[in-house]
């Protein structure tokens, strides 16, 4: 059967016709359209579209023509935005039909969609291709491998995407907790090696510490984190993007010190510089505290904090500039009033402007350690102005940061809800 062998095909979406060459459909960005390339019978075509004209090789889709026009703009230019005067949920339904997701939208439209979904508590799931075992048998070459890699990637990247992903996330959390408990316990006096050991005893202790229970637990945790990081790197789509992600960089910073400390222990041995190496080893081992940040993969609260800091870096820089300007002004005035003038009493705590900067930052943040304070009347008046100014300056950018935090939280919460919905379907199946 020479079904669909024409050089070009025509898509008729709500009365609007689009003509493409047949080769373009093979790697078309829209999943539903690309499925037409693998259709071998009329039944396969009708599983994808609503009707088909064999003579003109025209495929009919009873969908919103204007929405598809905006989707075609995304195909051509890479930017997807909502249709003006069209409900966000209706347009999102069109996106799901053609095989797109909310992440393909521009950032401003993503926030609009999340706000609308939070108001209506509406969730969507991507439509799966129809067909039974026969349809599976006619998948393009390599489709099974790509599907397996995608499933592995979601298992390691999205803790709520499947039952296996939840089990893996739980195990990873347990390893993080165990490693943190061991790290905290290793700082107890009963666990630490005496500082007055000789070089030979210190070398022997360093070599034998790996065989202690804490060293074994640490090695097991590092082995798990290393294997997890390697697998996630292998199944990732874009290796360069994987290396640039902040959480992956933190994973690398948490894992690398262990291997560096092991290599330093092996190569130093009974060297005369062992004591200096021991200090370096303690610093490297303390960097395991970065493992706590690994929990951000599994908790929306930490993800929200990181996403908020990423999106509000301008407000954070503004806040830092406010503090630095106020610190420069108040530290110079406090040093002049407390120590620079030839008065009867001089406050030695304000002997220099850098020393006064510490008092300014503590006063502006209303911490007030009390380790240094003005003793002259002008200095106390300046201190009161400094405290009030700190409250006002710190409160100015907080409103922007708060709204961004709420939006990031809702965005991540609904993203997690979509994966949980697919998880529930998998569990029922």
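Just so you know, glycine gets a Cβ as well, placed from its N, Cα and C.
These numbers come from a predicted model, not from an experiment.
Feature transmembrane segment, per TrEMBL, maps to range 163-188 of the set 137-162, 163-188. When each of the listed stretches 215-235, 247-269, 349-369, 381-405 is scored by C-beta pairs under 8 angstroms to the transmembrane segment (316-337), 349-369 comes out highest. When each of 215-235, 247-269, 349-369, 381-405 is checked for Cβ pairs under 8 Å to the transmembrane segment (163-188), 215-235 comes out on top. The DSSP breakdown of the domain 'BTB' (7-116), given as helix, strand and coil counts, is 56 helix, 19 strand, 35 coil.
In this chain, the transmembrane segment (247-269) lies out of contact with the transmembrane segment (349-369); the count of Cβ pairs under 8 Å, excluding pairs fewer than 6 apart in sequence, is fewer than 3. Beyond the transmembrane segment (381-405), the same-chain residues lying 6 or more positions past its ends with a Cβ under 8 Å from any Cβ of the stretch are 304-305, 308, 311-312, 315-316, 318-319, 322-323, 326, 330, 333-334, 337, 360, 363-366, 373-374.
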